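Participant: First the structure, then my questions, so here it is.
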Amino acid sequence: MRRLNLAKSTRSIYLSLACLSLALHLLLAFFCLSILQTACVLPPSSSTQDTDPVQHGSHPSPLDAGRPQRKVQSSRPAGEDSFSGSEKKLTGGGRAAQEVKGRARLEALFRHPLYNLPRPPLQEDDWLLRVRTSEQTEDGEHEEYEEEEAISADSEWWSASEEEGYDKMDWTNDVDTHPPWLRFHLGITRWELYDRRDPNLDQLTHYLATQRILNAVQKTGGTQLKLLMSFPNHGQALLKPMNRQSRQAETDVNLFYFSDFERHNAEIAAFHLDRLLGFHRVPPVVGRLINVTTEIREITTDHKLMKTFFTSPAGNVCFYGQCEYYCSTEHPVCGRPHLLEVSLAAMLPDLTLAPRRSWRSPWKRSYSRTKLAQWEKVPAYCDTVKQTPPYNRGTRLVDLIDMAVLDFLMSNMDRHHYETFEKFGNDTFLVHLDHGRAFGRHSQDEPSILAPLQQCCRIRRSTLLRLRLLSLPDSRLSDMMRASLARDPLAAVAPLLSEPHLSALDRRLATVLQVVRTCQHQHQDVIYDDLGKYEEDQNQQPDGKNK
């Protein structure tokens, strides 16, 4: 009996100890959980928002690698306070503050005198297109046109295609009646595609990003898929879809440049880079999210394109079109499941209205896996180019070198031709088109793209000064590109250029400036001075006395 009572007592003790141990473990678990939850909550201090560049959208330069992180002092003008804690909450914290600073620095850059150089007064022949008035018709100008075809202040263009979905045209020679795409066409001059200060530029890009798409057909020519999109106000845009390569991926190093994919974000970035360089020779391009089903498949009148649509095993709507490269079921363009990122480029005036001449680039590549082009084999190749029209006079050679600088910065090896408007002859700018194969690699540069500059040792002075300006810390090219690209609608989805690509811009810019310095050590006549007359005007006081 005593043994039985002892066994019961022992079991009771063991059970009590087990319950006590379980209770202690539960208390310990609750205590640890509360500590972990507290550690996961960010402190309310605003200093974290100011010093954490990754969390809030400010990206450190490669030059800052290895340096201790410190709070960056505000670059705001005197009299403007930094954001308070309550303002940061309203604006989304440090990220919004960085975006505001980026926009302010970009606007300051465009206010610089180098971006506001005066142009010679425009003459009638310096405009690509002009609206004809009834007075011009009555004076007998362009007699091949009938009088009723002239556009006067009290007349309008009209169209019978309203029932097909197009808006009725009621455009007079009053610019306020013109849609943005027509204003763009009428604003093209001998010197540039658009004036950066023209408010129509923002209206045009907004229109491209928001207008209802009326029709989509595949555009003929070229090696890869592109579509021609039509809008109700009779405007059109060239669409390039997001390809199979993500923004972070690099082009395979074993892939030849002429076999590379085309990238929609490269077309967008090229427009912004061209504008930052002060060229204004790339037609406006904007990003957009479209619905593959409702904005292409259901409205297209292209039966060949329609036949290439299918639904992938993942349930995404895809199509591949017909083209020389990458138009097959193995290389489809797919929505997710319907939405697709694209670039939309403003179309230039129709060739029947404004014919363009296509020029073979003297530094065109061989487009062969085994052969080299002549310029790759002859170091003094530029001497021959300088003696060949139209490169033997005017600005054509330095215009071509401007284009080479643009291509090198974005690593575009696919520049085989360029175009000019026939109306302006040889005294005009070069139209920069087709940049889909740019921004393929950020980890390496292609020095051969700079061959025109290296072999000719010639550069426009205004271009060189802007390049130097973009190399300064307060107006660094990568920062300006980041701020400029942030204004594109697709920036809300993801940055259009990854940070390595932005850093590569600064690295390549330094290379360009070094090539110019080397040329200046070896040659005398390196700088083509296009600012002489401007500087003479700047050095004169209003009363005629020198400063």
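In case you wondered, yes, glycine gets a Cβ from its N, Cα and C as well.
TrEMBL feature annotations, pasted as is:
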type: ACT_SITE; residues: Asp414; note: active site
type: BINDING; residues: Gln224, Lys240, Glu262, Ala345, Ala346, Met347, Leu348, Glu419, Asp434; note: ATP binding site
type: BINDING; residues: Glu262, Asp434; note: Mn(2+) binding site
type: COMPBIAS; residues: 136-151; note: compositional bias 'Acidic residues'
type: DOMAIN; residues: 309-524; note: domain 'FAM20 C-terminal'
type: REGION; residues: 44-99; note: region 'Disordered'
type: REGION; residues: 135-157; note: region 'Disordered'
Participant: Where among the binding-site residues Gln224, Ala346 do you find the Cβ with the fewest other Cβ atoms within 10 Å?
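Facilitator: So among Gln224, Ala346, the binding-site residues given, the one with the fewest Cβ atoms within 10 Å is Gln224.
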Participant: Under 8 Å between C-beta atoms and at least six apart in sequence, can you list the same-chain neighbours of Asp434 (ATP binding site), or say none if there are none?
Facilitator: Gly222, Asp414
Participant: Fewest other C-beta atoms within 10 angstroms of its own C-beta: which of the recorded positions Glu262, Asp414 fits that?
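Facilitator: Minimum Cβ neighbour count within 10 Å, taken over the recorded positions Glu262, Asp414, occurs at Asp414.
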Participant: Determine the Cβ neighbour count for Leu348 (ATP binding site): the number of other Cβ atoms within 10 Å of its Cβ.
Facilitator: 20
Participant: In Å, how long is the longest CA to CA span across Gln224, Lys240, Glu262, Ala345, Ala346, Met347, Leu348, Glu419, Asp434, which the record gives as the ATP binders?
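Facilitator: Those residues reach a largest Cα separation of 21 Å.
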Participant: Tell me, roughly as an integer, the mean pLDDT over the domain 'FAM20 C-terminal' (309-524).
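Facilitator: Looking only at the domain 'FAM20 C-terminal' (309-524), pLDDT averages out to 94.
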